[in-house]
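Inspection log for the structure reproduced underneath, given as structure tokens.
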There are 6 protein chains.
Amino acid sequence: MNRPSNRQANQLRPIKITRHYTKHAEGSVLVEFGDTKVICTVSVESGIPRFLKGSGQGWLTAEYGMLPRSTGERMQRESAKGKQSGRTQEIQRLIGRSLRAALDLKKLGENTLHIDCDVIQADGGTRTASITGATVALVDALSVMKERGLIKSDPFKHFIAAVSVGIYQGEAVLDLDYLEDSKAETDLNVVMTDAGGFIEVQGTAEGAPFQSDELNSMLALAKQGVEQIFTLQKQALADQ
Amino acid sequence: MNRPSNRQANQLRPIKITRHYTKHAEGSVLVEFGDTKVICTVSVESGIPRFLKGSGQGWLTAEYGMLPRSTGERMQRESAKGKQSGRTQEIQRLIGRSLRAALDLKKLGENTLHIDCDVIQADGGTRTASITGATVALVDALSVMKERGLIKSDPFKHFIAAVSVGIYQGEAVLDLDYLEDSKAETDLNVVMTDAGGFIEVQGTAEGAPFQSDELNSMLALAKQGVEQIFTLQKQALADQ
Amino acid sequence: MNRPSNRQANQLRPIKITRHYTKHAEGSVLVEFGDTKVICTVSVESGIPRFLKGSGQGWLTAEYGMLPRSTGERMQRESAKGKQSGRTQEIQRLIGRSLRAALDLKKLGENTLHIDCDVIQADGGTRTASITGATVALVDALSVMKERGLIKSDPFKHFIAAVSVGIYQGEAVLDLDYLEDSKAETDLNVVMTDAGGFIEVQGTAEGAPFQSDELNSMLALAKQGVEQIFTLQKQALADQ
Amino acid sequence: MNRPSNRQANQLRPIKITRHYTKHAEGSVLVEFGDTKVICTVSVESGIPRFLKGSGQGWLTAEYGMLPRSTGERMQRESAKGKQSGRTQEIQRLIGRSLRAALDLKKLGENTLHIDCDVIQADGGTRTASITGATVALVDALSVMKERGLIKSDPFKHFIAAVSVGIYQGEAVLDLDYLEDSKAETDLNVVMTDAGGFIEVQGTAEGAPFQSDELNSMLALAKQGVEQIFTLQKQALADQ
Amino acid sequence: MNRPSNRQANQLRPIKITRHYTKHAEGSVLVEFGDTKVICTVSVESGIPRFLKGSGQGWLTAEYGMLPRSTGERMQRESAKGKQSGRTQEIQRLIGRSLRAALDLKKLGENTLHIDCDVIQADGGTRTASITGATVALVDALSVMKERGLIKSDPFKHFIAAVSVGIYQGEAVLDLDYLEDSKAETDLNVVMTDAGGFIEVQGTAEGAPFQSDELNSMLALAKQGVEQIFTLQKQALADQ
Amino acid sequence: MNRPSNRQANQLRPIKITRHYTKHAEGSVLVEFGDTKVICTVSVESGIPRFLKGSGQGWLTAEYGMLPRSTGERMQRESAKGKQSGRTQEIQRLIGRSLRAALDLKKLGENTLHIDCDVIQADGGTRTASITGATVALVDALSVMKERGLIKSDPFKHFIAAVSVGIYQGEAVLDLDYLEDSKAETDLNVVMTDAGGFIEVQGTAEGAPFQSDELNSMLALAKQGVEQIFTLQKQALADQ
């Protein structure tokens, strides 16, 4: 099997995490998985949504967007269309659930964290890059909250990272880029904690149905991938 | 472990499939998974969406809705709010992908099938009931198309069925109802073909992350469940 | 004159009222006028709209919808279109005004009743069936409110029923089905109380203008019709 | 009984019809029913809506709006809210049906007439004033169409006029102004042709239900009213 | 150079200001710049927008609309389209900023003034006519506020008037009508105070870029124009 | 006078223009005016809007957006709100008019250029930075069009650059950053060609009205500023 990217089946794209990418947000990261580039910011807001009033816990919510020409063909701008696509909503719900899993919301106090993941350039795997980058931005934002006295104890429970895997030409491969993704028979997105647990597993047969053994191969590859990503996240946070 | 429903861990709720439930649609099924009741219709429309022009293939698309008081507390009507929720869009995209997997779209000709899944009463598992019921309605609609001479060869490739599984009090259980679902630690929706392949696997850690062995237990339980459901689908279609 | 339905000019379609049709709503009725089938639910909500604050009275509001394939040709789903049609709004305003006429809103306390009328299958007369069915669901919901101690005295003033009449081939006929309605020269919807008063009279010349004597014939026929419907409503409520 | 307006029960408000009120529209009328003032324009557009393609007939459609401060309290601007209210839609559907009844649409050719009724100042009866004024503007627009050679034979079938009647302090009264309307027990809008037929009859019990004899009194009063209005319409058109 | 309107380069169209044009609004003016006719109303509302809470100042906001057939070709109704165009928003923001410049918002107290400018007939220069007319309506509304005891001291700082100028066939001309505007190379809208200061200057090269000397000629012409307009505003307010 | 930025009155912020910033667009520039950072892309699409059919010319249109946390406080995402603000529309209309002035649209053929200006980080002057950066991206996109044979002759007429000027503490200053802008008495945006003509002049008195001499000082400063910017645009294009 030859991947269009000439990578080994279990080889990630070069991943780069740039912290403090923009100056206003409490957490701001540019994450790159090869040619996929996403700005992930975390904004701290005092107060919680109405449905949590009186619960004594905080909240985290996520939004996702793509610049109209982040893709090969220009997409219509969602604000001009007047609504977000189903795909956008699906992805931002996934990011929100994944990042909430990183936190003990009780320890967050009556604060809301807004995650914004905006794709500057897309080449496959934007949702997994978003989750990976937003986790680092979240750690930075929590540091700011501590400095400002907004939280007393640390709500951070564990690192979260995500990667895609797929079946390409009958074989499981890691971290698909756009060319690979568009030809893969199966696409599986995996979100895990650095303690080895699964947060989300979302697999879709694009072409033929996939079998149990294929699922197992993909999950094994994903585990290898996220372990490398956890290392990269922690290195990025060790700097400065 | 005691399930609130007093069922065995591997026990489905009573499933009932009523064909020809309404009179106008080419396929119309009322599907019941216990107290969850969904009307699934298939409507045949001549022509295909713009993005498929010239492809020589047909299309299938799905929409999902809940009656405002299908749930314990009345939800706001989506047509009055002016938009569908992210959850609604996520579910209808899942139904669409799953049902398209049942078909050879080339053999459908330049026709579009509209799947409508409308929840009359909700008690957990509405998306898996929808996929299960819509598959039966799809078979009926294809029969109508053959009678009307709209298709020459049969586009149906295999049966599709779906079921939810979860981790409840530390144990894998099959086909969660609302009470169980709202307390489960993990929720996994599985869509399969009657040839044993996976079409979709969507697992979410609601509370604690889940481990590989838990994922395997849930997948095994799901396989047992869908096999029983395939039998029920085929029995329903054998009648009359 | 031969009605397409072979009914006598003054003959209603078979009317069937099934109470407790779904389990969550305080009142839930499936009403059938021949092949027209509507689920009518009543949901009790604590509190009143802003414009009534301080008035010491309650409120009742109604919404109406049709499943996309309740009709001969599939209609676009209103939640997907992002708005309700003028026809939908016209009908739900009619249902709301009609049902409010059944109540002494002062005795309702600071509660809001939400009527939802959802057409499962359409064959003409969906608005009159909705009003007829919702009245029965309203009685059931008020019983629940009494049991829960939400109201002290009974706000129910009188039964409300509705029926359509029309001029078909020059003659007044009762309770038009879709085939008759689409060819009628005039269409008149009449909403009455069981004390014999009119709540709403809405007549439209679809073809030729109608004359006073035709209006009188139609009104007389409508009175006969609603009297039979009041009997059916009361029988349904007498059961169990 | 004393009407707030000190009019006799069967007395219309002063009605004034000013043609050629604005310069661009093919028909343009300012109609005044007392303090109620509505600009009614008719715009001629070549072509017909998609649903009429191939029918060989024309179409007429109506829209209605109120300036935000045409009323005692400023209303929110509908274009700013992003949607038209149910009341607006109900009224513009009524105007459209009523004005279509004035025409033989076959003789209109493949042209669409857009009626716009915009309330400059409201004091009750805006929908009946709209229909009355739009009919005169329609006659003017048809003259322009003849001059431009857009129609060969005259599509105009009969005049259309509308008036409201109501039960006020137990007595039927004609042409209610806002003060009267807000206290009336019943409100009935009647649209008629100058040949004496009914086009629309829309009665609503605002307070107590109304009885057959009250309905008859109101209809008789409405007939008197529209006859006077037909005279005023024809006088307005006789000028110049 | 010959202007299509045969006016001198520095000649305004006939300007007419009719106060108390409609009866409900605190200020209501019909302003006419030749064939351009705009109804400008000012509505007084108690309270201020959320973003000013606690500021101790009042607010003024403006909305702008055109009747669908105020123009040569009928435009789509913005409330039916579901949104205001960019042009509409641009104009209403301009009107709002301009009129706020007339006031000391601190002296307005916690009140909000709503300016509504609705174009009845358009022939170029609707935004400058709107600002000119709304200023007169504002003075009337402030008088009403004083009478009602809503303000203690006068918030009015100076008169505001606006006029358009342009380069037409190479020469600066004042107050362009539609025919002139559609052929002008440059279009400049100028808003000034009667103390001679600029509030807004908005110039756009429609065809060729404009030079400094052309800009100066246009500004000089605009100053002449607004001086005449201030006189007309003050005359209108002197009456009665 | 001391500017918060410690710059001289006539001193621009450091301006940086990075070409080929993202890989998919035909033209892609990151433009920085100090801390203001905007990604400007140009996308080439075959075909023209409906209103230009048969005109034989091309079109250019622009859209503008801000990442939610590009600002000091997070703004609501416009795609989530379902509409673009008036400010957004005002700015994107300005960008579109300005960039169209750079082109001979006849020479563009039946192609549409989409300009997308997305603010990554905001610190004042985002609209002038957008116009400046988009002009460079436009030159790059036209080169790609020539290479692909989409245009025969060069549609580019002249460079376009924009800068803001204002009155700060009574003195004219160039290129205001956010801190300066929020305290300036007047804000003027100037768009010019490298031949010295004005394309747009938009001045607003934020506090006190501005006088002719102040306007002249600001225009003189703007001219100096855009001349430096033209040099920077040309240097950026000379590289590579």
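Each Cβ is built from the backbone N, Cα and C atoms, and glycine gets one as well.
If you look up TrEMBL, you'll see C:11-141 (among others) marked as domain 'Exoribonuclease phosphorolytic'.
Over all protein chains present, the Cβ of C:Thr126 (phosphate binding site) has 25 other Cβ atoms lying within 10 Å. Marked as phosphate binding site by TrEMBL: C:Arg87, C:Gly125, C:Thr126, C:Arg127.
The domain 'Exoribonuclease phosphorolytic' annotation in TrEMBL covers C:158-225 (among others).
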In this structure, which of the binding-site residues C:Arg87, C:Arg127 has the fewest other Cβ atoms within 10 Å of its Cβ?
C:Arg87
For C:Gly125 (phosphate binding site), nearby residues of its own chain (Cβ under 8 Å, 6 or more apart in sequence):
C:Phe33, C:Thr36, C:Val163, C:Ser164, C:Asp175, C:Leu176, C:Asp177, C:Asp181
DSSP on the domain 'Exoribonuclease phosphorolytic' (C:11-141): how many residues come out helix, how many strand, how many coil?
42 helix, 43 strand, 46 coil
Which residues, in sequence order, are found in the same chain with Cβ within 8 Å of the centroid defined by the Cβ atoms of C:Arg87, C:Gly125, C:Thr126, C:Arg127 at the phosphate site, excluding those residues themselves?
C:Tyr64, C:Ile91, C:Val119, C:Ala122, C:Gly124, C:Thr128, C:Ala129, C:Ser130
Per DSSP, what is the helix/strand/coil residue tally across the domain 'Exoribonuclease phosphorolytic' (C:158-225)?
18 helix, 30 strand, 20 coil
Model confidence over the domain 'Exoribonuclease phosphorolytic' (C:11-141) (mean pLDDT, whole number)
97
The largest Cα to Cα distance in Å among the residues C:Arg87, C:Gly125, C:Thr126, C:Arg127, listed in the record as binding phosphate, is 13
